[in-house]
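Asks: The following feature annotations were taken from Swiss-Prot:
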- 177-191: disulfide bond (DISULFID)
- 46: N-linked glycosylation site (CARBOHYD)
- 59: N-linked glycosylation site (CARBOHYD)
- 121: N-linked glycosylation site (CARBOHYD)
- 162: N-linked glycosylation site (CARBOHYD)
- 218: N-linked glycosylation site (CARBOHYD)
- 1-26: signal peptide (SIGNAL)
- 27-258: topological domain 'Extracellular' (TOPO_DOM)
- 308-326: topological domain 'Extracellular' (TOPO_DOM)
- 429-445: topological domain 'Extracellular' (TOPO_DOM)
- 259-279: transmembrane segment (TRANSMEM)
- 287-307: transmembrane segment (TRANSMEM)
- 327-347: transmembrane segment (TRANSMEM)
- 408-428: transmembrane segment (TRANSMEM)
């Protein structure tokens, strides 16, 4: 991969007509493309070979890599190419990615225009770079950052005749993420890196992003299981330290969570579980054991689903979007069990009252002998609309029967859940759009 990238570097510089005199404004540079256009198959007479140039620059001129090349200060131009973002870990709040970092600066002590070079530029490795002055830049907020060594140290150095130095590193970096799960799973997450010179303040080394339209860009499409890449933001800040002011180059990568997986794993099973719990309203007031088993199993299913989702998320002290969904869903199932308890209580009360009524009725039956010898019975009178075989006196007088409660519940529960869905989805989708708009306005500003 590194050979493919390095082979494309001259093409990138030619096609974009990159002018280092614009990138590094601290000194007047000659466009490096003029050197790359130079045909190496037509070498000038008595040209100087690469090894001789390096030997003269580093050994014959008293080059000192510990001294800043320009007393008035250096300007280092930075560009980052993202090769891959491999993972985002929400439990540890970090992300991993492979990147190429390109740094460009002007070192007048490395000017070899007068040496009649055989090539328009010199392509060198990290061994030569170790002998040159460098800005000692690093990611100051990274958890881990290391240059790839597969199979050799992945450092590319290009030296131009006018003293322009371009260094490219292939780095694996683990950076921090500031996770806000309040809108989870309809959320956006930000991960950031801060790049600066570790040893030099801005009076000695000025760090700035490339003038390219996108100083940080992707070499290929980023594919992650849970996230899509939404936006890459770059910013240059000046931060005070006890030793002076430092230039910091901030890059913020914003990810948008893929919602479909959570809908399939959390929301869809919850819908089905709640719909199943409503079946108990149609089983009748006498099927208490079956309705109890159905309600309890529904509650256990939704609790298990909730625990399975929360196991992969960090513990936070605020309420997440999915917490609201699961808690309200469990409340609906719990309320269906409360409705079942009320119906069961009324059925039991009805049964006890029926037995008492039957005893009372049997005691109130009087037998009277008629003139024709026929025995007639006088029974206890019930209120109008009630029968002694099906209703207790309390349910008759109040109008609330188990059947009526089930009938009302079969309408009110779906209606209430429908209203909750409208409020829930409108709020969290609207909130997500507000977050997006704020991020876009920040980029435009």
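These residue numbers are counts, starting from 1, taken along the chain as shown.
Using the three backbone atoms N, Cα and C, a Cβ is placed for every residue, glycine included.
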Asks: Using a 10 Å cut-off, grab the number of neighbouring Cβ atoms around the Cβ of residue 177 (disulfide bond), all chains included.
Replies: 18
Asks: Cβ under 8 Å, sequence separation of at least 6 from the ends of the transmembrane segment (408-428): give me the contacting residues as numbers and ranges.
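Replies: Same-chain contacts beyond the ends: 183, 186, 274, 278, 281-282, 321, 324-325, 328, 332, 335-336, 339.
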Asks: In the same chain, which residue numbers or ranges, 6 or more beyond the ends of the topological domain 'Extracellular' (308-326), come under 8 angstroms Cβ to Cβ?
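Replies: Residues 90-91, 93, 179, 181-187, 262, 265-267, 270, 302, 424, 428.
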Asks: Out of 46, 59, 121, 162, 218, which of the glycosylation sites has the smallest number of neighbouring Cβ atoms within 10 Å?
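Replies: Least crowded of the glycosylation sites 46, 59, 121, 162, 218, by Cβ count within 10 Å, is 46.
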Asks: How big is the gap, in Å, between the Cα of residue 162 (N-linked glycosylation site) and that of residue 121 (N-linked glycosylation site), rounded to a whole number?
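Replies: Rounded to the nearest whole number, the Cα-Cα distance is 10 Å.
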Asks: Work out how many Å separate residue 121 (N-linked glycosylation site) and residue 46 (N-linked glycosylation site) at their Cα atoms, rounded off.
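Replies: Distance (Cα to Cα, whole Å): 17 Å.
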Asks: Cβ under 8 Å, sequence separation of at least 6 from the ends of the transmembrane segment (287-307): give me the contacting residues as numbers and ranges.
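Replies: Same-chain contacts beyond the flanks: 265-266, 269-270, 273-274, 276-277, 279-280, 326, 329-330, 333-334, 336-337, 340, 343-344, 347.
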Asks: Measure from the Cα of residue 218 (N-linked glycosylation site) to the Cα of every one of the recorded positions 46, 59, 177, 191, then give the nearest.
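Replies: The smallest Cα gap between residue 218 (N-linked glycosylation site) and any of the recorded positions is with 191.
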Asks: Between residue 191 (disulfide bond) and residue 59 (N-linked glycosylation site), find the distance joining the two CA atoms and give it rounded to the nearest Å.
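Replies: Rounded to a whole number, the Cα-Cα distance is 44 Å.
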Asks: For residue 59 (N-linked glycosylation site), which DSSP three-state class applies?
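Replies: Its secondary structure by DSSP: helix.
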Asks: If you run through the topological domain 'Extracellular' (308-326) with DSSP, how many residues end up as helix, strand and coil?
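Replies: The breakdown for the topological domain 'Extracellular' (308-326) reads 9 helix, 0 strand, 10 coil.
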